[in-house]
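What TrEMBL lists as domain 'Inhibitor I9' is 8-74. Residues or ranges marked as domain 'Peptidase S8/S53' by TrEMBL: 95-534. Per TrEMBL, the feature active site, charge relay system maps to 103, 158, 483. The domain 'Subtilisin-like protease fibronectin type-III' annotation in TrEMBL covers 590-686.
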């Protein structure tokens, strides 16, 4: 129902009144109400029939009615990789930053959440801690709220992992049973954490997401981190994350979100609203190698997180396709999926599988281990509930195991070792790609951050994999996903905000995007659709030189340009706007965004003039010159080519004319760089074919 109303009548009473009008009964309306969103914006969640939903949709004051959709959950070395040294001077400004983490909860006993050396929370904090017999907040975890059912403690591990990545305290010699050993830390170790448990084993529901946003905004958080998303992008007014983050933006709070794990197909990025920061995953220069040795002496390098140790003992090997669970109705089990393997044929043996799986099938069948064959090089190391390694690019293992003359094939799987990887700054297959399905002329994802093989705090209320038979309980786990990338960007944004507490959410995003490190297109053929503006760079982010700022009125005019009507926009934003007035509309390409995107029909030529305004946040007297890097298919002209500033805070506008000859499909890209000799303000320029 949009912005928080200015009325003395309690919002919950207004919500019940609306429900009574459509149900015809006060008692029924009271029973159907699930949440009243009333602290930061206006709305409610209720149990309705389809007929009641339709009736409610047409009522005055209602912006949108949408189903209570379910979202999915989408970290030692990674901070150093993006320019943050291990030894830093603690700053009091960091301890004033409060990061709201909307996730699966938190494991408060973790060393990453120790409040040793912390003073009381900042006076601006208005939240609460729903402490219980087994959960208590401290001066590090300053708040905790629960949605849907009882229990704030993290029993999934995901929330502890993301929270510690963003703002975990320094923990020396942290590792997962010796792997990834080093000093674990968040981007802002001195920052406070407020926990909002919205996710459970079955997922994260929109009603809970909105309730958490409502509370977090009112509680006084500075940054919101939410590593969840659907399987596709939704219209802004029917997407709980887009709605919640809009109201956060109104209150000066940046929302950092994961881009999604629906890759590698194009157009799969799920969190795309222009007022939030959408984060892709990228590799660092570390890999985990798990060797496999065959009975013939041949050794193969695979990939996994294997803390088990065969001790060099050779085990008999059986091919999963020759060991089906026939009593269960299976004739073959090449992929070794759950319940498809014969316990009699597999128990005590290493099972060879034709594809990568969770390991649940081999573990349930009593296998001594599993060798999983992969078609391509594995950038992501996974945990399995038994000794396992994924091996790519070799048929030799299959030939050895299934050769008729070799009646007793054997193998052993070694414990994982950590190695330096040359395959760094590569966006993995799972990370969702652009283009933006809702607004094609706004580039998403915005930026990339470490999201592969990340070591961070974990819940001791769950085993390493959560799969039956896995008995390992660890304080730190190694996980991958855009869920791991998001809190890196969150921590980076929080660090910048600690230097510039009055910067808007758009200014913080701009600082991260325009100072990002370049990423190789040769290694990432989807280019900016995969990594946005590039890899976050903490050495430069707090001193960007120039910023592309945007305020609520810019987004209001953007929404006008997107076809939303004045009534809808006023309800959401409280701003009266005449969308029929051309001057009150901003086309997507003219939103003051730190990237430039245009789209058109296949094999056509498209031309567009972009208007941008930059604010000087560097030196008072400075001169920035424009430099363009592009291909012959992409012509970029900048006017003026030189920006001369006299004062800090001064703004100057310029135009960029882009002409592109589009291909049948895909992306053409270049870069606009404004430089004064000490700052390089980089913005991607992207032209793409409409899907």
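Positions of Cβ are set from backbone N, Cα and C atoms, glycine also.
When averaged over the domain 'Peptidase S8/S53' (95-534), pLDDT in the model lands at 94. Residue 103 (active site, charge relay system) sits 7 Å from residue 158 (active site, charge relay system), counting Cα to Cα. Of all the Cβ atoms in the protein chains shown, 30 others lie within 10 Å of the Cβ of residue 483 (active site, charge relay system). For the domain 'Subtilisin-like protease fibronectin type-III' (590-686), the DSSP counts in helix, strand and coil order read 1 helix, 62 strand, 34 coil. For residue 158 (active site, charge relay system), the same-chain residues that are 6 or more apart in sequence and have a Cβ closer than 8 Å to its Cβ are 73, 103, 104, 199, 227, 479, 483.
For the domain 'Inhibitor I9' (8-74), the DSSP-based tally of helix, strand and coil residues reads 28 helix, 14 strand, 25 coil. Cβ neighbours within 10 Å of residue 103 (active site, charge relay system), excluding its own Cβ and spanning all shown chains: 29.
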